[in-house]
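Database features, via TrEMBL:
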- 4-62: domain 'Tudor' (DOMAIN)
- 53-112: region 'Disordered' (REGION)
- 66-75: compositional bias 'Low complexity' (COMPBIAS)
- 76-95: compositional bias 'Basic residues' (COMPBIAS)
- 100-110: compositional bias 'Basic and acidic residues' (COMPBIAS)
- 126-145: region 'Disordered' (REGION)
- 130-145: compositional bias 'Basic and acidic residues' (COMPBIAS)
- 207-229: transmembrane segment (TRANSMEM)
- 249-272: transmembrane segment (TRANSMEM)
- 293-312: transmembrane segment (TRANSMEM)
- 324-343: transmembrane segment (TRANSMEM)
- 454-474: transmembrane segment (TRANSMEM)
- 480-499: transmembrane segment (TRANSMEM)
- 520-541: transmembrane segment (TRANSMEM)
- 561-580: transmembrane segment (TRANSMEM)
């Protein structure tokens, strides 16, 4: 593999595609596979150039000194004066003719740069700076201005393109054959920000590939069933395997109907025309989807409905009595939803497929999700399931467990352990709904498709596994003292502070890096135009939000005591999940940011746990 010639950050001279003009650029990164340099012009434009189209600044300085001492025009004028010293009129006519020829050559060069290279149209504004840089002679850095306008064919109306063409009196060539030849020679030049790429086939398979995803589709429902059966036992130790229930006892049509009613109720709240509408991050096509932010309102409406039901003495502990049937109903619904999502994805355009779920293998794409943002009209199915039915349902399940504990143990008030678990997890859910807009920057929305993995996780795993501590405390009450409760509360507050402040730093920086409130944050620039934070929480460890998550998960389990390991399953699961996601993020970021990510890893060596991992 050939070694690279220019280092990242080096100032060089780069040739603009389709022209002979060279401009001062900075090397941003180098792709070892395509052997292309990503360079950044002073106006912010980023291009991928071959090494043969990049020259060092020193070679241009030497060339400029030679041309200034003996330029062609100066030599020709001196020859005309020596040949005919007594015929000044003829000399002037020849000089004027040469001057017109030079102007025509310059105009021809500028017009050649206006050749359309799909999908962008590059137009150079005829200016003094352009003519002074003709023939590769750079101006001083103070006057270095590309004076170019980049118009995207697919994002700009035709009238706008026509207006700009008329404004600068520029026309594309009529000879289409010659245009195709020129384009074939220059096709290696692509802009990083404006080129529209269709998603390629997924080559690197996660979760063990086809066999691994198939096993996960069996293992995840079995795990939920096992955990719930264990919590029902008097001795929920790992060695005491629970007896399997009769299949007919796992299904009840009435329970499935209640689950459907709950799902539809949340869908109605989602479609209410309240809350602001925001745009998500740009897709591969450059398009931005719109999302209505009203999750917190949906939570308030749900709390009102639950309050009305309790006022009319609806037995909410019905959830506890039929908890297993509710879990089976949610699993059946998530499977049916996954089948629908995969079938509809077969007709989706190529650019709407998920980059991680387009392998061509049925099992793998079915599990990870084939379509990135499946929508029915403006109803975004993935975004809706991400925060609504499962997350709000988690709070309702916890409340049902609290009421069941009071009824079963004849308590006038719930136990302190149950209050802590409900309070900590309620804070987590309310925080997620209050900061709903932040979910638009997560990999679940921007990268992962909507398939069985997210459908099962959102509708089954979140409400029925995340509520494991509350479900455990109903059958295994644990008494804790107030000092212990205060210590556990401090642990949860520390985890929440790290989680929230780290996520806020990241989301605010992604939305508006120029925000004056973020002026104290330092970052490493990347070829994508984004920056990697190296101060604040993101300069402490690479994934501080994961660190906060794990600390909070520990605080949720501590009120259950230490008699059994079962309540700490969530902590163990969370550590395994976040370590997997961290490794996945590392691989994704290394591919996306290249050498900038390697510099970031050298600057921030610890991944999740400081001084440990």
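Placed from the backbone N, Cα and C atoms, the Cβ positions cover glycine too.
Automatic, uncurated: that is what TrEMBL annotation is.
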For the transmembrane segment (561-580), which recorded stretch in the set 207-229, 293-312, 454-474, 520-541 gives the largest number of Cβ pairs separated by under 8 Å?
454-474
Contact between the transmembrane segment (293-312) and the transmembrane segment (249-272) (3 or more Cβ pairs under 8 Å, separation 6+)
yes
Below 8 Å between Cβ atoms, which of the listed ranges 207-229, 249-272, 324-343, 520-541 makes the most pairs with the transmembrane segment (454-474)?
324-343
Checking 207-229, 324-343, 520-541 against the transmembrane segment (249-272) for Cβ pairs under 8 Å, the most are found for 324-343
Per the Cβ filter (under 8 Å) with a sequence gap of at least 6 from its ends, the transmembrane segment (324-343) is approached by 221, 224-225, 228-229, 245, 249-252, 255-256, 258-260, 263, 365-366, 369-371, 374, 381, 450-452, 455-456, 458-460, 463-464
Please indicate, using numbers and ranges, the residues of the same chain that are 6 or more beyond the transmembrane segment (207-229) and have a C-beta under 8 Å from a C-beta there.
242-245, 323-324, 327, 331, 361, 363-364, 366-368, 452-453, 456, 460-461, 464-465, 468, 471, 566, 569
For the domain 'Tudor' (4-62), would you mind checking the mean pLDDT of the predicted model?
80
